[in-house]
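J.: Starting off with a structure, shown below.
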Amino acid sequence: MAAMWRAAARQLVDRAVGSRAAHTSAGSKKIVGVFYQAGEYADKNPNFVGCVEGALGIRDWLESKGHHYIVTDDKEGFNSELEKHIEDMHVLITTPFHPAYVTAEKIKKAKTPELLLTAGIGSDHIDLPAAAAAGLTVARVTGSNTVSVAEDELMRILILLRNFLPGYQQVVKGEWNVAGIAHRAYDLEGKTVGTVGAGRYGRLLLQRLKPFNCNLLYHDRLQINPELEKEIGAKFEEDLDAMLPKCDVVVINTPLTEKTRGMFNKEKIAKMKKGVIIVNNARGAIMDTQAVADACSSGHIAGYGGDVWFPQPAPKDHPWRYMPNHAMTPHISGTTIDAQLRYAAGVKDMLDRYFKGEEFPVENYIVKEGELASQYK
């Protein structure tokens, strides 16, 4: 995988925005990593590298090059470990699963930052306009967890359609009531599934749905290549509001931007078919939290599943914890062991390029030379 990323690189163009762009200078760099704490699970798997204890598996490599690597899960508040190091760090690495929120205030406070890396996909934890204005480079490991997320989406579709969770709960409680499950269990075959967004995640999901003989629809800014569209058997829907009433299942695969924040509000949900299944592994803030909870309670949404919340971590009183017929988990879909190894390798590759003054694979850039990537504008 690293070889593929290297093959995509170009030589560095000497057009950086000021001294804070990702052009490294000689000498030791201070790198701060913010990851989730593994605790008792840290030693359960030698490939568990996405946690504080695993530190992406790059500590020895970084320290052998003379760099200072600080890893923590303590990211909130003025007295946090992150706050102590933010002024003189050069690189911040964080993940969507335990994000360090990089606000305009933090960017202003930091005196030496050059590079903000996401170990995984996503950037909504970073104030991108502020990062661009400060001349920072922001990058992610594109493609590192797309398979993981698409598989998880398919799993949640099946869990909700087949009414699996009440059956599992019956077993745990020592109960046995077939009717209590069967009265709202359905096959996936023949259902109409629509994805809102058909980028890397959406396309992989559509490909995995094809063997189930579903009617596949997708809405996106851009139409998929006609040959691939024909191969998958998916139909392009230019008008989202026209697509939603057709769908038995709606899957959210669009990034969180100012345009998509709160996109699925009460009015948008009302356009969907009564009894719709919704799966959202994109970002929680794309949904109106209370509107989703209310629609689940009324039965307009027959089941809602996903691993993304707003805010994260979800507070104990978050309404999605208690709404009926949900298949929610913490933010886990993109941090399988396989995904961790991919995004750890991607981070190492970009750090290596950064130290050498080389460019990253073009698809990894979120902010470069003061400009946001097109999908974030």
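Each Cβ is built from the backbone N, Cα and C atoms, and glycine gets one as well.
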J.: Taking D88, D187, D307 as the options, which does Swiss-Prot list with T146, D220, P255, L256, T257, E258, K259, N281, H331, I332, S333, G334 at the NAD(+) site?
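T.: When Swiss-Prot describes the NAD(+) site, the candidate it includes is D307.
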J.: So which binding-site residues are near H331 (site 'Important for catalytic activity'), with CA atoms within 10 Å, out of I121, N145, T146, P255, K259, D307?
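T.: So far as Cα distances go, the binding-site residues lying within 10 Å of H331 (site 'Important for catalytic activity') are D307.
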J.: Rank the binding-site residues N145, T146, T257 by the number of other Cβ atoms within 10 Å of each Cβ and report the first-ranked residue.
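T.: When each Cβ's neighbours within 10 Å are tallied, N145 tops the list.
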J.: If you skip the near sequence neighbours and keep only those at least six away, which residues in the chain come within under 8 angstroms of D307 (NAD(+) binding site), Cβ to Cβ?
T.: D152, N281, M328, T329, P330, H331, I332, S333
J.: For N145 (substrate binding site), what is the secondary structure by DSSP, using just helix, strand and coil?
T.: coil
J.: Find the shortest Cα-Cα separation between R283 (site 'Important for catalytic activity') and the binding-site residues T146, P255, T257, G334, and name the residue that gives it.
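T.: With Cα distances computed to R283 (site 'Important for catalytic activity'), the winner among T146, P255, T257, G334 is P255.
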J.: Can you grab the distance from T257 (NAD(+) binding site) over to I121 (substrate binding site)? Cα atoms, rounded to a whole Å.
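T.: Rounded to the nearest whole number, the Cα-Cα distance is 14 Å.
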